[in-house]
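What TrEMBL says about this one:
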- 24-286: domain 'NADH:quinone oxidoreductase/Mrp antiporter transmembrane' (DOMAIN)
- 12-34: transmembrane segment (TRANSMEM)
- 60-82: transmembrane segment (TRANSMEM)
- 94-114: transmembrane segment (TRANSMEM)
- 120-141: transmembrane segment (TRANSMEM)
- 150-172: transmembrane segment (TRANSMEM)
- 184-217: transmembrane segment (TRANSMEM)
- 229-248: transmembrane segment (TRANSMEM)
- 268-291: transmembrane segment (TRANSMEM)
């Protein structure tokens, strides 16, 4: 996974689009930022592969649908003469816009496009879709008052679908997609608390996810079974990937446990006991399929020599990058 020169310009506009959205003081400018982001992301997906072209069209139509809903909602809210009652205006503002944002995020029940889209993407586009592309919609959901029951429904459905959907997945990118849906439930819950908690969760999630994708891309692993037959079992990469998967699952004392613990404590303090129980139970399920991958890495490889000093095709730089989440955890041990 590397960034070529012809991808640099789209990435720059992706960043600009996100900055426009999070710095806007009106819904219209926020919508403009989302559109800039959408049009800049398309070139990252496009390639000569047929499946990639299908993913490009699918992403465009889904995101365009969300953008149309947001734009029409902005028009209806702006022209109060078209809305005879304040209740109708509130329905548009607090229901339609959140649903459009959830569609853009890929949160349940609007998640149907997300796993299949991930399967047809290259590693660079997949890393952006799992991380950076969530910033603008999450910021809008955090900054503006949303209809809480609708958000709670999305939280519960995302947690359940994200955990159950990943149980029978054998393709790594689709598995990461369902993992992302599950993590979205935690981030949406955090968005009902504060922007700081949401961004803290997002940053830690993004770091761990990018590291895992980088390690997978270094050996071009697409299927879980490939973890058993390539150089993962022959190098320190197996141990590094093992720790990062457990961190993504939120297992203590790894770094990924910290944001989940923060959200869980705040949800209990806000008397969200049912949501807390559901999220914890679903996290146990997600941890199961992370452990399944880790078991493939360390235990049932036909060579079973991951602990030996065998040369690896992985550069020292990538090994250091893989250790970033573990290094970030070290200062927490002294708190």
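All positions are counted from 1 along the displayed chain.
Placed from the backbone N, Cα and C atoms, the Cβ positions cover glycine too.
Bear in mind that TrEMBL entries carry predicted annotations, made automatically and left uncurated.
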Most Cβ pairs under 8 Å with the transmembrane segment (120-141), selected from 12-34, 60-82, 94-114: 12-34
Residues of the parent chain within Cβ reach of the transmembrane segment (184-217), under 8 Å, 6 or more residues beyond its termini: 1, 105-107, 123, 126-127, 130-132, 134-135, 138-139, 141-143, 146, 148, 151, 154-156, 158-159, 162, 172, 176, 237, 240-241, 244-245, 247-248, 255-256, 258-260, 262-263, 266-267, 270, 272, 275, 279, 282, 318, 321-322, 324-325, 328
Top partner of the transmembrane segment (12-34) among 60-82, 94-114, 150-172 - counted as Cβ pairs under 8 Å: 60-82
For the transmembrane segment (60-82), sequence-distant contacts whose Cβ falls under 8 Å of one of its Cβ atoms, 6 or more beyond its ends: 27-28, 31, 34-35, 38, 42, 89, 92-93, 96-97, 99-101, 103-104, 113, 117
